[in-house]
Amino acid sequence: MQLEDTIAAIATAIVPQQGSIGVVRLSGPQSLTIAKTLFDAPGNQTWESHRILYGHVRHPQTKAAIDEALLLLMLAPRSYTKEDVVEFQCHGGIMPVQQVLQLCLQQGARLAQPGEFSFRAFLNGRLDLTQAESISELVGAQSPQAAAIALAGLQGKLAQPIRDLRNTCLDILAEVEARIDFEDDLPPLDEDSIRQQLQNLYQQLEDILNTAQRGELLRTGLKVAIVGQPNVGKSSLLNAWSRTDRAIVTDLPGTTRDVVESQLVVEGIPIQVLDTAGIRETADQVEQIGVERSRKAAQQADLVLLTVDAHQGWTEADQLIYEQVKDRPLILVINKIDLGRADLVSYPPEITNTVLTAAAANLGIEALENAIIEQVNQTNLSPQNLDFAINQRQEAVLTEAQLALKQLQQTMAEQLPLDFWTIDLRLAINALGQVTGETVTESVLDRIFSRFCIGK
């Protein structure tokens, strides 16, 4: 990336005929010059930082009006990137913003690369790496709780404890190196104190690492597969739960031929519900493909809803399906209780989590949601009461830091020379710095920011 360039991009989603406002963003040394060339602000409006001007975007040669717009000025260093930033706030839709963007490019700006605005904010000290990653997570949040966790990261609630840990490691390193360089002039190291500090550091890292899986649940959601025989009401269950007609419902077995997905949020947890084809032996090649996809979906799901028909009871076919999914976290859904007696369904005694539903009548959905949340809580994955959560990249480097501290404890126990202590400490310090971006490599930065949208 050429950071001395002025960059431009559309910063809002382009939705044909639907967007009410479209924003074109500029950042860099020529932002203000380009804005003054293209924007006609009538009257005595003041071109000062953090002002909004009203006027028209005009073609620089023909002076033809392109759009009636507002212009927001945020000059360095009081801007998102700490550079001169200008935003054209145009009417929504495709044509106005694309025309304005094209004019900006013709005046010397270049099209921003994905995440380049945030990358500049990071390089200029406006954001650390945890905050930059939190912006991406906030944009992609699938639930209010996921958004709250991302916002906590943006506010520095993850970065601060990581910095505190790193500073403690730096303090210990300084003490050790001082004893190496000035052994005769300083008292011996207080090894008991260092051991206690290392134990505290290790436990704090363990607490932070314990947020990883819970945070991942908020980011990616819980994958729930509805499985069972044909015509036990799986599609009706999906429709009742999602309050839509996502799946076709008929009295004919085998109607569902493929996996039907629906996105839900239950108590702040995003849930991806998979309505699968009825599992049975069939000569129909298309249905066979659907059945195989059902088996695969069940094996990849975080939770399986094994659905049976209360009217039919527990059948040999139900037992065969159960044998295929019993190694997965499972809830038995006894459906169609309005047509049969649930107490007559003789399911295996090891199944302890059951829910009674009549999906066609919208009965039992709340009980099903409660059972799912209870299942999540039992696995210690509940995202409730999280102050922040780390992502997979952060988990990997924090694990490296923890391993380095553990190695240092072993190094001390073996009474190895102080030079060996510094090796372990530097590994821990480097890993902690990768979380906030103080020691991160260019390739890692490229990978992180390439996942952003262009206008970010």
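Cβ atoms here come from the backbone N, Cα and C positions, even for glycine.
In this structure, Lys456 ((6S)-5-formyl-5,6,7,8-tetrahydrofolate binding site) belongs to neither helix nor strand by DSSP; it is coil. Note on Lys456 ((6S)-5-formyl-5,6,7,8-tetrahydrofolate binding site): other Cβ atoms within 10 Å of its Cβ, all shown chains, come to 22. Under the heading (6S)-5-formyl-5,6,7,8-tetrahydrofolate binding site, Swiss-Prot lists Arg25, Glu87, Arg126, Lys456.
As annotated by Swiss-Prot, domain 'TrmE-type G' applies to 221-377.
Within 10 Å of the C-beta of Asn231 (K(+) binding site) we count 21 further C-beta atoms, all protein chains included. Residues or ranges marked as K(+) binding site in Swiss-Prot: Asn231, Thr250, Leu252, Thr255.
Look at Swiss-Prot and you will find 231-236, 250-256, 275-278 tagged as GTP binding site.
Per Swiss-Prot, Mg(2+) binding site is recorded for Ser235, Thr256, and the stated evidence type is sequence analysis.
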Do you see any of the binding-site residues Arg25, Glu87, Arg126, Lys456 whose C-alpha is within 10 Å of Ser235 (Mg(2+) binding site), and which ones? none
Name the residue among the binding-site residues Arg25, Arg126, Lys234 whose Cβ has the smallest number of other Cβ atoms within 10 Å. Arg126
Record-annotated (6S)-5-formyl-5,6,7,8-tetrahydrofolate contacts Arg25, Glu87, Arg126, Lys456; largest Cα to Cα distance in whole Å is 18
Reported mean pLDDT - the domain 'TrmE-type G' (221-377): 79
Among all protein chains shown, how many Cβ atoms are found within 10 Å of the Cβ of Ser235 (Mg(2+) binding site), not counting that one? 24
Taking just the CA atoms, what is the gap between Arg126 ((6S)-5-formyl-5,6,7,8-tetrahydrofolate binding site) and Lys234 (GTP binding site) in Å? 50
With every protein chain in view, how many other Cβ atoms are within 10 Å of the Cβ of Glu87 ((6S)-5-formyl-5,6,7,8-tetrahydrofolate binding site)? 23
